[in-house]
Every structure is written in C-alpha cells, then in structure tokens.
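Asks: Here's a structure for you.
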Amino acid sequence: MVNPLYQKHIISINDLSREDLELTLRVAASLKAKPQPELLKHKVIASCFFEASTRTRLSFETAMHRLGASVVGFADSNNTSLGKKGETLADTISVISQYVDAIVMRHPQEGASRLATEFSGGIPVLNAGDGANQHPTQTLLDLFTIQETQGRLNNINIAMVGDLKYGRTVHSLTQALAKFEGNRFYFIAPDALAMPDYILSMLKEKNIAYSLHNSIDEVVGELDILYMTRVQKERLDPSEYINIKSQFVLRAADLHSARPNLKVLHPLPRVDEITIDVDATPYAYYFQQAGNGIYARQALLALVLNRELVL
C-alpha cells in the first residue's frame with residue numbers, strides 16, 4: 001500500500017492528520033532503534049536555508065546523510081543568484097527542482113514555503129521554518145519526545161511558558177496535541193505575550209481544557225510536560241522586558257513539587273529562562289529533545305521519498 005505521505009509537501013502541521021502524525025512517529029521510533037543507512041541511497045535532497053539556522057539545518061542534513069542520501073544546497077542565500085543577482089524565489093525553486101528529489105527549505109518570509117510548492121514541479125517541499133508562521137518538523141520532534149518520555153500523546157498535562165504570542169512552536173504544538181484526547185493546557189505568559197485568540201478559540205470549539213496562569217509555581221505539581229520558550233527582548237519595552245524576564249525563569253528549586261515523570265522541554269536556543277542548575281535535574285530533557293530532531297526528520301524524509309516504506 002502506498003504510504004499517505006509519499007510525494008507530499010509538508011508545509012504546516014495542519015497538513016498532517018492524526019494518522020499521519022502517528023505513522024511518522026512510528027517510523028521515527030523504528031529509525032532510532034534500527035538505523036537504515038541506505039534507505040535513501042539513490043536520492044538527492046536540497047538543503048536550502050535562506051536564513052540562519054543551527055539545530056534545524058544540522059539535524060536535517062544529519063538525517064539525510066544517515067539515510068544515505070546525497071545533500072546539496074546552501075546555508076547563506078547571499079552567495080546564491082537570488083542573493084547576488086536578484087533572481088526571484090520562484091525561479092530559484094524552479095531550477096533547484098530540476099536537480100533533486102526533495103527540497104528542505106527555511107526562509108524568513110511567512111508563506112515562502114507554500115509559495116515554493118507552486119514552482120517545484122511536483123518535487124516535495126518540506127518547510128524548515130518560514131518566518132513566524134510554521135515549523136512543522138519542530139512539532140514532530142516535540143511530539144516524538146513527549147511520546148518517548150510519557151508513553152502516550154493523550155491525557156497529557158502540558159504547560160507552555162514565555163512568549164506564546166509570537167512563538168511559532170507553541171502554536172503548532174497546541175494544534176497538534178489538540179488532535180489527541182484528554183490533553184490539558186496551561187498557558188503561562190505575560191498579557192503582552194499571551195496565546196493568540198485563534199488558538200484559544202480552537203481549543204474552545206474542540207472542548208479542550210485550558211487555563212491561563214501568571215507563574216509556573218501555580219501548576220508545576222500537575223504537569224507531565226513543562227515547555228519553556230524564550231521571552232523575546234526585541235518585542236518589548238526595556239523596562240517591561242526586565243520585569244517579565246525575571247518572572248518567567250525556571251530554576252531547579254522551582255521543581256521541588258514536580259511529578260517524577262515531568263520533563264522540561266525547550267525548542268532552543270535558551271537565553272536566561274532556564275538556569276544552568278536545571279540541567280542536572282532528572283526533569284531536563286531539552287538536549288535529548290534536540291537530538292530527536294534527527295529521527296523525526298529522518299522519518300518524514302523516508303515517508304515522503306518512499307512509495308512503499310517497509311522498515
């Protein structure tokens with residue numbers, strides 16, 4: 001049977017059904033347990049990063065190499081015809097699609113990856129982040145990590161902390177977890193960076209429980225997952241930032257009433273919002289979370305590029 005993700009563009013987490021998510025996570029677990037170094041042996045994948053990236057680019061390219069694919073591309077668009085000679089994004093994608101079997105793309109402009117699908121000639125485009133819009137593979141690795149640490153994706157108590165207004169990771173993760181039963185959300189953010197109304201409306205429509213809070217202390221004893229994010233200094237007045245920054249910092253002492261199964265996650269990079277002493281606690285899992293990006297991205301590449309995937 002042809003797998004449902006074969007030759008599919010992956011631009012938004014909403015492009016994936018619950019069944020698609022579960023399939024991808026099963027494949028990720030299989031690839032983590034049993035590497036397949038020749039699965040994409042005869043494939044060529046373009047890694048096109050039009051803006052800076054550390055974790056996403058390196059984990060995607062590691063995923064490609066570990067599956068046996070050949071990798072071409074760039075990490076600085078200023079050294080391409082688009083950056084040097086004024087070539088349009090449409091023309092750049094039209095040309096790249098002549099050379100490769102799939103395109104992994106990050107771009108600072110919202111909607112750029114969706115636009116790329118119109119000019120890729122049917123070559124699948126995988127969104128590695130487009131501005132503040134979508135970052136579906138981050139959501140996949142977050143889901144994989146939650147399932148790995150909790151053994152399930154339903155009946156999860158999850159708190160999201162920090163910049164919930166502009167942080168694309170928390171929007172996508174909330175939308176993805178809303179596909180599973182019994183999850184409860186705790187949103188901890190200043191009013192200026194609160195979760196957008198469209199996310200709250202979606203949860204209300206689905207009759208999914210959520211609550212708004214002012215501090216981590218209020219809920220830490222109820223949580224399975226504590227998902228920290230960086231408060232973005234550039235979004236706030238300096239005086240407001242100083243106040244908010246100190247309010248939303250996680251220290252090891254804050255975890256004294258945590259459940260034994262709690263895991264602290266963060267999409268990284270962190271700045272000051274998780275102190276170093278948390279790293280040594282059994283709750284810290286953000287570096288392992290970053291490592292899981294390899295397996296989540298391997299799974300997506302394997303599914304998109306294999307008509308009938310047998311592992």
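Note: Cβ is positioned from N, Cα and C throughout, glycine not excepted.
Take a look at what Swiss-Prot says about it:
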- Arg55, Thr56, Arg106, His135, Gln138, Leu268, Pro269: carbamoyl phosphate binding site (BINDING)
- Lys85, Arg168, Arg230: L-aspartate binding site (BINDING)
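How buried are these features, and what lies next to them?
Replies: Close to Pro269 (carbamoyl phosphate binding site) in the fold, though at least 6 residues off in sequence, lie Thr54, Arg230, each with a CB less than 8 Å from its CB.
For the recorded site, Arg230 (L-aspartate binding site), the DSSP three-state label reads coil. Around Arg230 (L-aspartate binding site), a 10 Å sphere centred on its CB holds 19 further CB atoms from the protein chains shown.
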Asks: Give the three-state DSSP assignment (helix, strand or coil) for Thr56 (carbamoyl phosphate binding site).
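Replies: In the DSSP reduction, Thr56 (carbamoyl phosphate binding site) maps to helix.
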Asks: At the level of the C-alpha atoms, what whole-angstrom distance separates Gln138 (carbamoyl phosphate binding site) and Arg168 (L-aspartate binding site)?
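Replies: With distance taken Cα to Cα, Arg168 (L-aspartate binding site) is 10 Å from Gln138 (carbamoyl phosphate binding site).
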Asks: What's the number of neighbouring CB atoms sitting within 10 A of the CB on Arg106 (carbamoyl phosphate binding site)?
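Replies: Excluding its own Cβ, the number within 10 Å is 25.
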Asks: Taking the Cβ of Arg55 (carbamoyl phosphate binding site) as the centre, how many other Cβ atoms fall within a 10 Å radius?
Replies: 16
Asks: When DSSP states are folded down to helix, strand and coil, where does Gln138 (carbamoyl phosphate binding site) land?
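Replies: The three-state answer is helix.
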Asks: What is the interatomic distance between the Cα atoms of Thr56 (carbamoyl phosphate binding site) and Arg168 (L-aspartate binding site), given in whole Å?
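Replies: So the Cα of Arg168 (L-aspartate binding site) lies 14 Å away from that of Thr56 (carbamoyl phosphate binding site).
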